[in-house]
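Undergrad: Here it is: the structure, laid out below.
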């Protein structure tokens with residue numbers, strides 16, 4: 001952890017204020033390395049573990065560098081998954097809260113028309129998955145003429161998921177005069193080639209862990225036949241009694257099967273895989289993040305980009321077939337300086353996958369023998385007690401910064417020739433209110449939304465009921481959340 005403070009980076013007071021509200025005390029190692037170079041607008045290739053504060057390392061400079069006055073997108077962030085796109089958009093919104101930075105997330109299986117409408121509004125930063133971003137570019141609904149900054153996040157995962165061709169197609173459409181940042185946990189040849197082809201003399205930054213995986217994770221291997229996996233899973237979880245655990249399966253069918261069996265055994269659990277509708281996936285991840293349940297059964301869709309710091313255990317119910325996936329899965333634990341455990345089940349026919357993984361991570365995973373019946377019985381009472389305990393809901397790390405914000409609805413927008421500056425000018429004249437109390441402003445054709453910060457919402461709402469904007473008296477009320 002760096003001894004530096006974020007105020008050492010010559011950031012605007014609005015960004016520093018947001019970081020303070022988010023509880024960012026000191027830059028992590030990756031933030032300390034990346035932010036100063038990014039603020040100089042130099043291209044960057046960053047090799048860094050997940051869970052290292054990476055999103056803020058590009059989110060902070062992006063929010064600092066974009067110009068609020070410009071209405072068209074100035075930055076594009078590409079992510080491999082929808083979950084990560086939403087997560088990054090939320091993080092950027094919170095970092096840029098007091099600078100009134102407007103971020104939009106675009107991804108598949110979400111209505112295109114709604115995204116098109118959002119992109120017509122003032123938007124500073126667009127975060128999205130490659131397929132949907134390319135759709136918007138091809139249909140002319142994502143303006144690129146003012147784009148100055150590109151971030152490719154989780155580049156190795158883009159490669160694994162077959163998105164590199166789409167990423168290249170997107171880059172070919174972007175202005176050549178731009179700054180590009182590429183982030184990856186690993187740097188396979190195709191990712192290196194991407195940086196050589198599309199980047200301008202990039203600065204390379206590598207945040208070294210002890211080997212490929214962090215030394216905060218304790219790795220263990222259990223040999224088991226397929227039919228006895230479920231029994232072993234129940235024994236291991238009884239002994240370990242984890243606070244928060246992800247159980248990874250190779251297929252959606254296996255996820256469904258394991259989830260049903262654990263649910264039947266009264267485990268506080270849920271599941272996530274690519275076959276579920278998007279809203280359900282988001283809801284499951286949000287509940288898991290808040291601690292509403294302790295066991296998440298998942299395919300690799302959940303292995304990247306989910307910002308949850310306190311996962312104590314990862315169990316590979318099915319050993320991953322790709323060595324990189326082992327790093328990505330186990331990287332869900334041992335984050336943000338916490339320790340964690342990574343437990344892997346292996347059947348007699350899967351040794352070749354294990355050999356590849358061990359060669360890749362640079363050490364042999366210690367083998368263990370499954371718990372005895374006596375050991376399981378000894379821990380059963382404590383396990384059962386925790387199983388039936390009321391969940392402790394975790395505090396949302398964004399709660400403090402979002403406290404005291406009221407979103408106001410006005411029944412007028414572009415068609416009444418109303419602009420963001422009109423709201424700022426009018427509201428800032430209210431006694432006891434300044435421009436710093438005004439957050440993100442969204443102006444649509446017939447309606448507008450204005451965030452009022454610092455607990456000043458009720459005052460502004462009361463005054464604006466009898467105050468005109470550009471000579472027009474608009475209806476105003478608190479927006480429905």
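Cβ coordinates come from backbone N, Cα and C, glycine included.
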Undergrad: So which range, 145-148, 149-152, 153-156, gets flagged motif 'DEAD box' in Swiss-Prot?
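TA: The range carrying the motif 'DEAD box' annotation in Swiss-Prot is 153-156.
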Undergrad: Of 4-32, 33-61, which span is tagged motif 'Q motif' by Swiss-Prot?
TA: 4-32
Undergrad: What does DSSP give as the helix, strand and coil breakdown of the motif 'Q motif' (4-32)?
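TA: Per-class counts: 17 helix, 0 strand, 12 coil.
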Undergrad: Tell me, if you would, which residue among 48, 55 (binding-site residues) has the fewest other CB atoms within 10 Å in the structure shown?
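TA: Least crowded of the binding-site residues 48, 55, by Cβ count within 10 Å, is 48.
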Undergrad: According to DSSP, does residue 48 (ATP binding site) sit in a helix, a strand, or coil?
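TA: Residue 48 (ATP binding site) sits in coil per DSSP, no helix or strand.
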Undergrad: For residue 53 (ATP binding site), what is the tally of other C-beta atoms lying within 10 angstroms of its C-beta?
TA: 23
Undergrad: Kindly report the helix/strand/coil residue split of the region 'Involved in 23S rRNA binding' (406-481) according to DSSP, in that order.
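TA: Split by secondary structure, the region 'Involved in 23S rRNA binding' (406-481) comes out as 22 helix, 21 strand, 33 coil.
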Undergrad: Excluding the flanking five residues on each side, which residues at least 6 beyond the ends of the motif 'Q motif' (4-32) place their CB within less than 8 Å of a CB in that stretch?
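TA: Contacts with the motif 'Q motif' (4-32): 39, 46, 48, 52-54, 56-57, 60, 63-64, 94-99, 205, 207, 397-398, 400-401, 436.
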Undergrad: Calculate the per-residue pLDDT averaged over the region 'Involved in 23S rRNA binding' (406-481) and state the result as an integer.
TA: 91
